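Asks: Here you go, one structure.
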Amino acid sequence: MAEIRGGGGGCCPPMDLMRSEPMQLVQVIVPMESAHLTVSYLGDLGLVQFKDLNSEKSPFQRTYAAQIKRCGEMARKIRFFKDQMSKAGVSPKVILDKDVDIDLDDVEVKLGELEAELVEINANNDKLQRSYNELVEYKLVLEKAGEFFASAHRSATAQQSEIESQQVGEDVLETPLLQEEKSVDPTKQVKLGFLTGLVPREKSMVFERILFRATRGNIFIRQSVIEESVVDPNSGEKAEKNVFVVFYSGERAKSKILKICEAFGANRYPFSEELGRQAQMMTEVSGRLAELKTTISAGLDHRKILLETIGDKFEQWNLKVRKEKAIYHTLNMLSLDVTKKCLVGEGWSPLFAAPEIQEALQRAAVDSNSQVGSIFQVLRTKEMPPTFFRTNKFTTAFQEIVDAYGVAKYQEANPTVFTIVTFPFLFAVMFGDWGHGICLLLATMYLILREKKLSSQKLGDIMEMAFGGRYVIFMMSLFSIYTGLIYNEFFSIPYPLFAPSAYECRDASCRHVEATTIGLIKTRDTYPFGVDPVWHGTRSELPFLNSLKMKMSILLGVAQMNLGIIMSFCNAKFFKSAVNVWFQFVPQMIFLNCLFGYLSVLIIIKWCTGSQADLYHVMIYMFLSPMDDLGENQLFPNQKTVQLTFLFLALVSVPWMLLPKPFILKKQHEARHQGQSYAQLDETDESLQVEITGGSHGHEEFEFSEIFVHQLIHTIEFVLGAVSNTASYLRLWALRYKLLLLAKTPPEHVITNPYALLVQSCPLGVVVSLLREGSPYGVGFQQYIHPYRWDPRLHLCNRGSASGDGDVERVPSRPASSLGGVSEQVLRRRWLQVCSLHFHSSRKRRRVSDDGSFLLSRELLQMPSSACAYIRYEKELVSSRLLSIILFLLLKEKLWMFSTSHVLLLYLSVKKLN
């Protein structure tokens, strides 16, 4: 009720989406008899955000505290019904007509009656279920203890028969003497008592031990295991139990046994020694169990019918109670006038909503039969209005994505306009595959075409999220098809859709998997759209596409960051803030474009000229050694002078952003409030009222220290963000590169790599891939072994053949555990003891060892991995044996990723040493 929200409806975004709606502060004076209906209609309209005029009062001191408490009690009953329905598996009925008006008093009475009936049914059912569980345990005791007593009786009978048979053959003269000797006084016989019951199985051993120690061994106990779990009558949970029979002598021992049984949670049941009585008790228990089962089943049926009756009206009651509670919360934000006959409310609303609000006020007065109508008037104020963007079902999801990072200030430019295009497009840059894109398109088209039916249904958590973002996924699928056509990938398979390939094989050898583009000749015009399908499957595919997509990611990132700065310029011009133009927009543009804009220009020049310059070297030594000669890395004349100029401007722009703006704002504040201690009062009452409500915001004290600290944080954040954001845009390349590698995993490795199987077969694999890697640039080591189709057991390779083409030739397979005929431990120890990779100040090339092997140090291998391991294979620089050793150590040390600094160290060292 008190929040401004965007409206729905329509399909296309409105033209005024660039800036938030102009707002106004309005005052509403409502009679008491129509206040409830007025707030209800305004809430349905959703175009007023009320201010709390009773903020000094506690919730219990407000006018409608009793009504809110009443609604809270009804909400508690509804939650109780929802919990009972979820346990019984009853789903609430979906509301088809939400405009049905029901009386709150009738709802309250009905909820009370249903709650009392349901509580009584649950109590009776609990009692019956407890009795049923007790009888089940009692029946088990009768069965197990009866078996024990019957076995003991048969054993005693057999023993007595054996004794009597032995006495028949003895001498008759000795018989009276023996009988007299064995006669015992009946008064001295001991009567043994016994207790039966069930004890939890995990406590049975401790239970028996405690009984033995408490009675000093003067007991006899027997236990029998129950194969199936039984429901405990006290807890209602299933548990594994044992039936026990304890024989004791004396009342003192009995009292101890009873206390121990109570402490261990053992349930005791009566048992008779007579066999006839046992059979009678078994019959009675079985009969009662059958009766209780029938009674419980009937009670559950009655309970389910009652819950289904509740489910038919549940959503209506829930909606009514929530709406009433929100209405009374809003009414508590309104203040009573002096006569206590009207409520006065203030709130923010868009300018275009004034006629709709007045129409709602008139309708509420008519429907409530009020003798006096509501008063609506606009107030002037200096307060900052809230931000309100009109949205529809297409733009709502994009606006929520932007609002998750931050809501724009009043009348600022709305980034959602650009996010509608940039967000799905950047996703497609990573995801680009028109086969997967078609799958996403079909799924989202199903959601869009059935959105009216699905919007009225209750969906699961994941399905609800997908349905809410259906138009976002729809845009993603369209852009994925577009970029997939550019990448020429249909489920990672190229197709010559627009024209045949521009290249053909020079001879039959180039059709082999290991063929390179050297064996191809251009026979047709350039492929008209996207990547030529001949690139796929060649050895040059990864270096070519890698370089292209990495540089493309930087260009896209710099372009989007420039767009953000240009939007800040539009805000400054809109608010007529020259300070933000000259001391925020200008230095930010200079800093960003003198560094990363210059890098983007170098990338374009390199593409156009085909230069072999190393852009990493250019950018690094632009800071480390700006005065050094560029040499072969020079791309255009006077490049050194241009770099020095750009570096100087970038350094100057940092204090330009930091220092002038706080002092200028302080000077403007002093000039604005100079001589205003005594200000002339306006003549109208309206202006006086506005001065009371909003004048305090115009004379806030200027805190120079806070402004300076804020500007310092803003400057540091921009400088660091320019660097980190540019690096973050490399994720577009890194994830795309990883998907390319996993899509080309050999079939024999897919079964042992379910992660690759997921990415190859499922469009959502890209999401799993992003979540699986802790690093933004994380890629697997498959890139090393793919060009050679390595076996899972790593093999050594020799230097290329004498043909001079630099191709790598594989030798017969040898397991990694016996590389070179030497044991693995000796080989690793010998390799790791030679030397470590490091830089040398001199430019002389360092010779490698005689056998062509160079080793990684254990210190380098044990460094924590956090980013992409990208060691590019170059035939002219890296020997095959060196690459094999690196791969072997990476595999054995289980380091699947390197940090970026470690990779740079390794790569530059390999270039220097070779």
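Glycine is no exception: its Cβ is also placed from the backbone N, Cα and C atoms.
Annotations per TrEMBL:
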- 104-131: coiled coil (COILED)
- 425-449: transmembrane segment (TRANSMEM)
- 470-487: transmembrane segment (TRANSMEM)
- 552-570: transmembrane segment (TRANSMEM)
- 582-605: transmembrane segment (TRANSMEM)
- 641-659: transmembrane segment (TRANSMEM)
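What's the neighbourhood like for these features in this structure?
Replies: Sequence-distant neighbours of the coiled coil (104-131) (same chain, 6+ residues past either end, Cβ-Cβ under 8 Å): 70, 74, 77-78, 80-81, 84, 233, 236, 292, 295-296, 299-300, 302-303, 306-307, 309-310, 317, 320-321, 324.
Listed by sequence, the residues of this chain that lie at least six past the ends of the transmembrane segment (552-570) yet keep a Cβ under 8 A from its Cβ atoms are 413, 415, 418, 422, 426, 429, 580-581, 584-585, 588-589, 592-593, 596-597, 599-600, 603-604, 722, 725-726, 728-733.
The list of residues near the transmembrane segment (641-659) in space but at least 6 beyond its ends in sequence, with Cβ under 8 angstroms from a Cβ of it, reads 583-584, 586-588, 590-591, 594-595, 598, 618, 622-623, 626-627, 711-712, 714-715, 718-719.
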Asks: What parts of the chain pack near the transmembrane segment (470-487), using Cβ distances under 8 Å and only residues at least 6 beyond its ends?
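Replies: For the transmembrane segment (470-487), the nonlocal Cβ contacts are 393-394, 397-398, 401, 420-421, 423-425, 427-429, 431-438, 440-441, 443-445, 447-448, 451, 497, 529-531.
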Asks: If we skip the immediate neighbours and take only residues 6+ beyond the ends of the transmembrane segment (425-449), which ones have a Cβ under 8 Å from one of its Cβ atoms?
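Replies: Same-chain contacts beyond the ends: 466-467, 470-471, 473-474, 476-487, 489-493, 552-553, 556, 560, 731-732, 735-736, 739, 763, 766.
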Asks: Could you give the residue numbers and ranges of same-chain residues that sit at least 6 residues beyond the transmembrane segment (582-605) on either side and whose C-beta is under 8 angstroms from one of its C-beta atoms?
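Replies: Result: 551, 554-555, 557-559, 561-562, 565, 568-569, 572, 611, 613, 615, 618-619, 635-636, 642-643, 646-647, 649-650, 652-654, 656-657, 660-661, 664, 718-719, 722, 726.
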Asks: Would you mind giving the whole-number mean pLDDT across the coiled coil (104-131)?
Replies: 93
